[in-house]
Amino acid sequence: MATVGGAFKDSLTQAQKDELHQIALKIVQDGKGILAADESTGTIGKRLDAINLENNETNRQKYRQLLFTTPNLNQHISGVILYEETFHQSTDKGEKFTDLLIKQGIVPGIKLDLGVVPLAGTIGEGTTQGLDKLAERAAAFKKGGCGFAKWRCVLNIGTHTPSHLGMLENANVLARYASICQANGLVPIVEPEVLCDGEHDLARAQKVTEQVLAFVYKALADHHVYLEGTLLKPNMVTPGQSSASKASHEAIGLATVTALRRGVPAAVPGITFLSGGQSELDATANLNAINSVQLGKPWKLTFSYGRALQASVLKAWGGKDENIAAAQKTLLHRSKANGDASLGKYAGEDAAGAAAESLFVAKHSY
C-alpha cells in the first residue's frame, strides 16, 4: 500500500486502522444496534424517581444488571454505552459488567464527554467539556475492555441559532475527541445532536442538520480522523416539538436520508440514530421508514437508543425483583423491533400503552 508523507503522514498504523474498522463493523452488523445505558447519576435518578425508587448506587447497579443479563440480548444488541460508574460495577455474582457483555459478543462502550457548558460569545449556545486528560481516560477505558466511546454535542434551532461559531466550535470539539479516541484504540461515536425543541418545520430541521454535518465532517478531515473507524450518532430530521406542522414517518425518513446523503461520506461504516425524545413506537417506525427510503444509502442505518429502549422496561420492572423477567422480556421485544427496523422489516405493533408515550424532555441533557 502506498504511504503518505509530510504534513499528511498517517498518525495511525495500518494495524490500528484495521482494529478500529473491525470494531465499527461489528457494532453495525445487520439487525443489531446499540443500547445507550450511559445516563448520568442525575438523569437515571429522574427515571428511578418515576417508579418511586431511591437514586442510590445499589439501585442503579440493580437496574443496569437487569438490562445486561437479559437472555438473548446479543441477538439484537451489538454494543452498550456505559456511564463511568457502570463501567466499574459488577453483577451480584461479582462478574464485571464489561466482562459480561464481552462474553455475549456485545462491545462495551463508554461515554467520555463531561456535559454541556455555555459557549461564550453566543446567545444561549453551548459546547461540551471533557478534553482535558482525555487521552489518559481513553487509554484506561480501552484497557478495561471498551471498544468504542461516545461524545455528545448539542445544537438548538432558533431564530439565530445554531450560529457559525456554535457549529464550528462543536465540530472541532467532536473532531479532537475522535482523533484522541482513535489514537487510543477506541472507535469514536460522533454525536452532533440538533435538538427537537422549537417550532421549526421539517424543511428547516433538514437544512440545519445538513449544515451541522458539513461542519462536522470538515473538522474530522482537518483533524485527520480515520472515517472508516468512526460511527455517527445524529438526530433524525423531524419537525420541532412545538411545530404547527407534523410529518409522516415516510416524510421524516426521506428528509433524514436526504440530509445524510448530502453530508456524510460513504467511508463511514454506519449511522446509529439517537431517539431524541420520540416515543418508543415513533423511534422504531421512523428508523424503519429511513431504511425503506428508495435512495442509495452506503452506510448501515441502525439505532443507539436510551429512552426509546428503556422507558417501558422501567415501568415493567417498577423496582421489584418479581418483575425482572417481565422487564427483560420487554427490553428484548423493543430491541427486536428496532433490529427489524434497521433492516426495513418492522411490521408495526399496537399503539397502546407505554411504548406510545412521548419521551420528550426540553433541553434534554445526559
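Heads up, the Cβ atoms here are built off N, Cα and C, so glycines get one too.
What Swiss-Prot annotates here:
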- R60, K150: substrate binding site (BINDING)
- E191: active site, proton acceptor (ACT_SITE)
- K233: active site, schiff-base intermediate with dihydroxyacetone-P (ACT_SITE)
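Feature map: annotations from Swiss-Prot on the structure.
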| residue | record | CB count, 10 Å |
| --- | --- | --- |
| R60 | substrate binding site | 22 |
| K150 | substrate binding site | 29 |
| E191 | active site, proton acceptor | 25 |
| K233 | active site, schiff-base intermediate with dihydroxyacetone-P | 22 |
In sequence order, the recorded positions (R60, K150, K233) whose C-alpha falls within 10 A of the residue listed as 'active site, proton acceptor': K150, K233
Assigned conformation of R60 (substrate binding site) - DSSP reduced to three states: helix
Spatial separation of K233 (active site, schiff-base intermediate with dihydroxyacetone-P) from R60 (substrate binding site) - C-alpha basis, Å: 25
The residue listed as 'active site, schiff-base intermediate with dihydroxyacetone-P' and K150 (substrate binding site), distance between Cα atoms, whole Å: 9
